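Structure record follows, encoded as structure tokens.
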Amino acid sequence: MPEEIAQRRTFAIISHPDAGKTTMTEKLLLHGKAIQVAGTVKGRKNTKHATSDWMEMEKQRGISVTTSVMQFPYHDCTVNLLDTPGHEDFSEDTYRTLTAVDSALMMIDAAKGVEARTIKLLDVCRLRTTPILTFINKLDRDTRDPIELLDEVEDVLKIKCAPVTWPIGMGKYFKGVYHLLNDEIILYEGGHGHERHDYRRIKGLDSAESREAIGSETVDEIIDEIELVQGASHEFDLDMFLKGELTPVYFGTAMGNFGIDHFLDDFVKIAPPPQPRETEDRMVQAGEQTMTGFVFKIQANMDPQHRDRIAFMRICSGQYTKSLKMRHVRLKRDIQIANALTFMAGDRQHLEEAWAGDIIGLHNHGNIQIGDTFTVGEDLKFKGIPNFAPELFKRIRLRDPLKNKALQKGLIELSEEGATQVFRPLNSNELIVGAVGVLQFDVVAHRLKAEYKAEAIYEGVNVATARWVECDDPKKFEEFKKKCFDNLALDGADNLAYIAPTRVNLSLTEERWPEVRFFATREH
Ligand code: GDP
């Protein structure tokens, strides 16, 4: 593997809202020297609360185009941090982003422990056995017992915990951490939340210096506790970590900017470089000579006049150089991409070269879809970029019927972007919008109006769930299609789906047609 690739680390942060992902991101960038003072990354916080205010949401989404991918150097490595939307209504976006990383950092609020979204996101990471690192946050507050927290992670998330650092005190009495692998105490000091700071380190646990710094009583307590912890938990094991079976655990405070640097020091050492990725025909190794990549996300920019959309491509192998001629495999066409983008915090720049593990931005004028593969000549198709069956459905209707063409076009393009899904029943001219989260409906209505000049309204529709259908037996399939005609629809990419008025109806239909396969996810 060329050195440039071996030095890449591409990861995302997964957490339940409010655990501290945004704060952590900012502090990582601070340590990566991508920003000089924390507080300069624009918060995307409002997305969570502005359920009714989609104008604001669009603005926030626009801003996050630049913060979707953040690249920064750390030691000898180039780190790519992929942002994921905080709001669960955009969880599809998050799931797809997780297909583009090689490891993930799980943030846990030390007062709350494992929360609902953490569980779900970890399950998604498991689909590809992504190695997980854990940061237990907010030690500057009163927390739950750390041993209990690790037990909870092990029980609920079914992953072994190897504490690498261990907290000394908490809340008002938070003194710092003991680094079990380096055998040193790192002392916490308030007031450095917004700047890089070298915290004082003391070698060993039991020393005159440590007793002077944190008090003899505390040292005695912590010696006992560490002994207990070492007995009860797992030792760090690189191999098990890489297999996703064990997670190294760090304690700290993102807000207080403590725990981030020693986390990063270890992260660049243990997190894996770009991993092989599966295509329909073969595995692609990151170190292969020629470039390959896949698109996992498309994002619209703010300026509605320009309809500037960026496709995010993960490079899976080789090197991208400016003006490389790439093959758009689905379209069977070679295209030259001169102005790919790279992303720095709050900024985007034109790119001269990029390597496997990097994410590059391609301007999309409508011919790139989520899941598209790019290569240099070879006909490959990367696997595992999912579409999820929507859970929520609405019929969409125009205020001005003359705009029907614009509406159709808009809905299909927005579904290619992954903003929503559209279903066109075979038995009518209706258009049904399917979403995983409620906010997606608002975004789509807003964007249809702003970008396609199609003002649409939603109406209730009697659909409970949808499944993509396939069948190996063409005769049986024809029979199925005929019998179930009124429940069949085409999605944005012309795939056939069964839209069920109730879940009971779906189960009955599945039972009645054992030859037909019903899929809750579809690969792009
Ligand atoms: P996100 O929803 O996961 O992105 O969480 P944020 O980073 O926005 O953090 C949620 C809230 O927790 C904010 O008010 C942060 O200021 C606060 N927060 C984050 N990290 C810490 C921490 O280490 N200590 C304390 N006390 N608060 C924190």
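Every residue number used here counts from 1 along the chain in the order it is shown.
Glycine is no exception: its Cβ is also placed from the backbone N, Cα and C atoms.
These figures come from a predicted structure and were not determined experimentally.
Per TrEMBL, the features are:
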BINDING   15-22, 83-87, 137-140  GTP binding site
DOMAIN    6-275  domain 'Tr-type G'
What's the most sparsely packed of the binding-site residues SER15, ASP18, LYS21, THR84, LEU139, counting other C-beta atoms within 10 A? ASP18
Per DSSP (three-state), LYS21 (GTP binding site) is helix
Near ligand 1, which of the binding-site residues show up if the criterion is a Cβ under 6 Å from one of its atoms? Options: ASP18, THR84, LEU139. ASP18
Sort THR84 (GTP binding site) into helix, strand or coil using the DSSP assignment. coil
